[in-house]
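Enquirer: Handing you this structure, nothing more for now.
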Amino acid sequence: MIFIACLTSFMLRVNMSINLLAMVQPTTGNSTSAVNVTTDNATTFSSDPVANYGPRYAWGQRTQSNILGAYFYGYLLTSLPAGLLAERYGPKALVTASFVGSAVVTAVTPALAAYSAWAVIGSRALIGLLAGFVYPTLHNLISRWIPPNERGKVIACISGGSTFGTVLTWPIAGILTEKFGWAYSFYLPALFVLLIAILWVALIEDSPAEHKSITPTERQFIEESFGDTISKTKTFPPYKQVFTSLPYLALLVLHYGNFWGMNFFITQTPKFMNEVLGFKLANAGILSSLPYMARMFSGFFFGFIGDLIRQKDLLSTTAIRKSFCLFSHLIPAVFLIIIPFVGQDPLVCVGLIVSCLGFNGASTITNLVNAQDLAPNFAATLYGFMNFLGTTAGFLAPMLVAYFTAEKNTMFEWRNVFLISAAIYVVSGTIFIIFGSGKVQKWNDVKPKADPPTTTNSSHNDECCESKRK
C-alpha cells in the first residue's frame, strides 16, 4: 500500500509535464542536430501547430514554468507540518484526505484551463498543498510498522512507487492525449486516485496495535524489533539539537541534491525529449519514463543489498549510507556532465539519462532512509523538513531551464542546466560522506514528563521521597 500510495501521489504530480505540451502552442526551437537525426515522424508534434488534442493556449515559457513549478509551491507549505500532524494524529486520515482532495482538483483542471492560466497555477498549487502530507506521513507509518533491518526494502517501495507512478503516467498520458484529447489525461487519473483512497481506508491502520486482523505473534515481533528506540509518548522534537546536529544537516544537503536531480527530470524530461531531441508527444512520454523504470528496479535492488549487508553485519549502518552515495549521487553526476557533449545523438542522450537515474536508485539506502536511522521517534518530522527544503528544487529547476532557454531552446542552452545539476549532486554527496552518520542520535530519546511537585516545604518533600522509595 505504501508503493501504491506513492504511485498515486506521483501520478498527479507528473501528469502536467506531458499534458502541458498538448495544452500550449508548439515550440519551434529544436536544435538542428536533433532534427537532422530524427525522422519526419519524430518531429511531427513540435512542427504541427494544428494537431487536434483539444484547446491550445498561448502560454509562454515563463507561464509554463510557473504552471510546472506551482505544484511545488503548495507542496512546500505542508511538508513541514505534515510530519508533526502524522506523529500526533496518525497517517491514515491524512493520506485519505490528501487523495480525495487531489482527485477532485485534478478533475476540474480542464475547466480551469479554459478560464485562465492563473486558475491552472492555483489548482496545481492546491494539489501540491494536499500532496505535501503524503511522504512525511508514510515515513511515520514505516517507523511504526517496519523492523529496522527491513526498512531498506520498504523505503524502496516509496522510491519505487514514485518512480512507477512516473513510468505509468507519462506513456498513458501521451497515448490518452493523442487518442482522446488532453482533458482525459486529467479525468482518468482523478478517478483512479479516488479508487485508491477507498482501498486505503479499507486496509490501512496507523500501527500494529490498531490493526484488526494482525496476529498476536506478528504484532509482538514488530513491536519488539524496535527495542527502546520508539516511544509511545507524543512530544515535539528537540529542535535546537536537531538543527545543530551535523549528521542531520549533512542529510539535509544530501537529500536536497537527490531532490534536485529527481525534480529536474520530472518537470523537464518530457520538454527536453520533445523540444530538443525532437520526439513525438507519445514517444516523448514513453522515452521519458524509461529512466524512472531503471530507477525503480535499481531502488529495489539497492534496498535489498543494503538490508542484506546490515543483517549480516558486513558493514556498519554509517558505512553503508556513506559508501552508497557513490551510486546515488557521484556516478549520476558523471552522466549529467557527459550529456551535453553527445547532444548530436538523441538516443545516446536518452541512454545517459536512463543510466543517471538508474544509479540514483541507490538513494533508497542513502538519503531516503537515513532519517529513520538518526531518530526513529521523529522520522516523519525530520523527513517533513527534508521534503520542505528539497521541494524548492521543484520550482527552481523549471526557472533555471526557463532562464537559459528564454531566447533559444537547443542543446547548447541546456548544457548549463546539466552541468549545474551535476555540481549539486557532487557537492551534496561529498558533504554527507564527510559529516553524515547512520547512528541513532541522543536527541531521539523521549524523556517522560516528571510528576509535578505537590509540596510546600522541604520536610514534606523528604517524607514523600522516602515514601516513594519504600
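Cβ atoms are placed via backbone N, Cα and C, with glycine included.
Caution: TrEMBL annotation is automatic and unverified by curators.
Among the features that TrEMBL reports, compositional bias 'Basic and acidic residues' is placed at 460-470. Taken from TrEMBL, the feature domain 'Major facilitator superfamily (MFS) profile' covers 1-440. The region 'Disordered' annotation in TrEMBL covers 446-470. Marked as signal peptide by TrEMBL: 1-17. What TrEMBL lists as transmembrane segment is 67-86, 93-115, 121-142, 154-176, 182-203, 242-261, 281-304, 324-342, 348-369, 381-405, 417-435.
Could you place these features in context, so I can see how deep they sit and what lies close by?
Expert: Long-range Cβ contacts of the transmembrane segment (67-86) within its own chain (Cβ-Cβ under 8 Å, at least 6 residues beyond either end) map to 13, 16-17, 20, 59, 94, 117, 120-122, 124-137, 139-141, 236, 263, 267, 378-385, 387-388, 391-396, 398-399.
If one looks beyond the transmembrane segment (93-115) by at least 6 residues along the same chain, the residues whose Cβ comes under 8 Å of a Cβ in the stretch are 5, 8-9, 12, 15, 23, 54-55, 57, 82, 85-86, 122-123, 126-127, 130-131, 133-134, 137-138, 182-183, 186-187, 189-191, 193-194, 196-197, 200-201, 204.
Under 8 Å from some Cβ of the transmembrane segment (121-142) lie the Cβ atoms of residues 2, 5-6, 9, 12-13, 16, 66-67, 70-79, 82-83, 85-87, 91, 94-95, 97-98, 101-102, 105-106, 108-109, 112, 151, 154-155, 158, 204, 206, 371-372, 379-381, 383-384, 387, 391, all in the same chain and six or more residues away from its ends.
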Enquirer: For the transmembrane segment (417-435), I need the partner stretch with the highest count of C-beta pairs below 8 angstroms, choosing only from 154-176, 242-261, 348-369, 381-405.
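Expert: The listed stretch sharing the most Cβ pairs with the transmembrane segment (417-435) is 242-261.
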Enquirer: What average pLDDT does the predicted model assign to the domain 'Major facilitator superfamily (MFS) profile' (1-440)?
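Expert: Value for the domain 'Major facilitator superfamily (MFS) profile' (1-440), mean pLDDT as a whole number: 82.
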